[in-house]
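**Q** Below, the features straight out of TrEMBL:
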{"type": "DOMAIN", "residues": "31-138", "note": "domain 'Polymerase nucleotidyl transferase'"}
{"type": "BINDING", "residues": "S53, R56, H139, K158, Y167", "note": "CTP binding site"}
{"type": "BINDING", "residues": "S53, R56, H139, K158, Y167", "note": "ATP binding site"}
{"type": "BINDING", "residues": "D65, D67, D116", "note": "Mg(2+) binding site"}
{"type": "DOMAIN", "residues": "152-264", "note": "domain 'tRNA nucleotidyltransferase substrate binding'"}
{"type": "DOMAIN", "residues": "283-421", "note": "domain 'CCA-adding enzyme C-terminal'"}
Amino acid sequence: MSTEEILGEALSGIKPDEEDAETLRAVARDIIKILDTNAKNMGLDVYAVHVGSTARNTWLKGTKDIDIFLMFPPETPREKLEEYGLKLARTVSDHCVEKYAEHPYIKTVFEGVDIDLVPCYRVSDSSRIQSAVDRSPFHNRYVQSHIGELCDDARLLKQFTRGAGVYGSELKTQGFSGYLCELLVIYYGSFMNVIKSGANLRRGYVIDVNDHMDHFVEHPEPLIVIDPVDPKRNVAAALSEQKFFEFIDACRRFLKSPSMDMFFPPGIEPIDDEELKELLKKRGTLLVAVTFDSPDIVEDTLYPQLRRVEESVVGLLERHEFKVYRSGAWSDMDKCAIILEMLVWELPDIERHIGPPVDEKEHSLKFLEKYPDAYILGYRYVVDIPRRYTGAIDLIRAKLLTCGLGKNVAGSIREKFDVVTNEEILCLGDDLGKFLRELIRP
């Protein structure tokens, strides 16, 4: 198949038909009518707007969700915005779930469609925003006025990044947001132009769509895409270095050998007990998992804490001379696990304790007084002492609570944690089995 044929076939798999599109538009209109009417009845100076990919016609087939923002006057106190915003949102349905980002919002289902109802401030321009969600209506207007005939190109880029495993700006993934995909298509003019440019990206590359970057703001991220509605903001701030380079690699592979698999890769099969056992035997490594119950917090709060635990545990092990080959953090929002593939997990009974330089007389004499068996190695006194922890698992069990854990995760770990190895880890389910396959890359 030619590249054009591949893109056409990929698009046919992700572009909603007109009937689905009209259904979502009708649902959005109905919700807005309900909210506007109820706001008036409640005496609120509030109106609703439809934002997000369904409003911008860049959504993908099979993703039925609508974002409706409740626009409050900018002088509304934050506590009143939250109180009346939630109260108004709850008039849409009897089955509402309160969620929390920067401030509370409501998730519900209306006529079979997932709905997010988000209170925000209707500020006059984006420089006056009072919360992060206040930017969304400005993003909406910008994309709607600039994307023109490129909606399908935006869909292709979203699906391509999804196939590459780099789609989603949530802190679990640290990838490309839908808005970032839309801006890249607007800037480069087509899906293929994004891919060609993506293959040549370098760390620190700057894309300034409106040529209005605030040069007094430093952006340490690997890719800088200045928000056309906010010169201080990097739209790609959530993109990790790992996902940035995975995107570059995916672009290069697609240009070299275009295929449908780049858009719709084969599903990942969970690794099973026997395969994992044979793999670890072949590699000569030990797989260790620190497991605990997930705290009752949202993913975007959980994953930074899990990564902090991961980094802290790896540091603990390496300070005690154990060697970690690779590591990862996983959760299914019920259980959490910090996974460690160990190169060295058992150590000898002795370790070398380093003393002061020989020419530091006062410190040297104190060291020799404490360690009469000390000897000189190079320019320092050293002594061989019994190693307190000869096994990595014993060290983790003894010292985990001294690690940097993060507020919510720390509570769960203090309550109960376990350390399991190799095939025992798979008792946490198929999702972890898939995670291990990607982590170890057999």
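Just so you know, glycine gets a Cβ as well, placed from its N, Cα and C.
Please go over these features one by one and say how buried each is and what sits next to it.
**A** S53 (CTP binding site) has a Cβ environment of 23 other Cβ atoms inside 10 Å. Secondary structure at S53 (CTP binding site), as computed by DSSP, is helix.
Neighbour list (R56 (CTP binding site), Cβ cut-off 8 Å, at least 6 residues apart, same chain): N140, V143, Q144, I147, C151, E182.
The Cβ of D116 (Mg(2+) binding site) lies under 8 Å from the Cβ of D65, I66, D67, I68, Y105, I106, K107, each of which sits 6+ residues away along the same chain.
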**Q** May I ask which residues of the same chain, at least 6 positions away in sequence, place their Cβ under 8 angstroms from the Cβ of Y167 (CTP binding site)?
**A** K158, T161, T173, G175, F176, C181
**Q** Please report the three-state DSSP label of D116 (Mg(2+) binding site).
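**A** The three-state answer is strand.
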**Q** Provide the number of Cβ atoms within 10 Å of the Cβ of D65 (Mg(2+) binding site), excluding the reference atom itself.
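**A** I get 15 for this one.
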**Q** Check each residue in the chain of H139 (CTP binding site) that is at least six apart in sequence and keep those whose C-beta is under 8 Å from its C-beta; list them in sequence order.
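**A** Those within reach of H139 (CTP binding site), by Cβ under 8 Å and sequence separation of 6 or more, are V51, Y179, D227, V229.
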**Q** What does DSSP assign K158 (CTP binding site), in three states?
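**A** Assignment for K158 (CTP binding site) reads helix.
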**Q** Checking the spread of the ATP site as listed (S53, R56, H139, K158, Y167): what is the longest Cα-Cα distance, in whole Å?
**A** 19
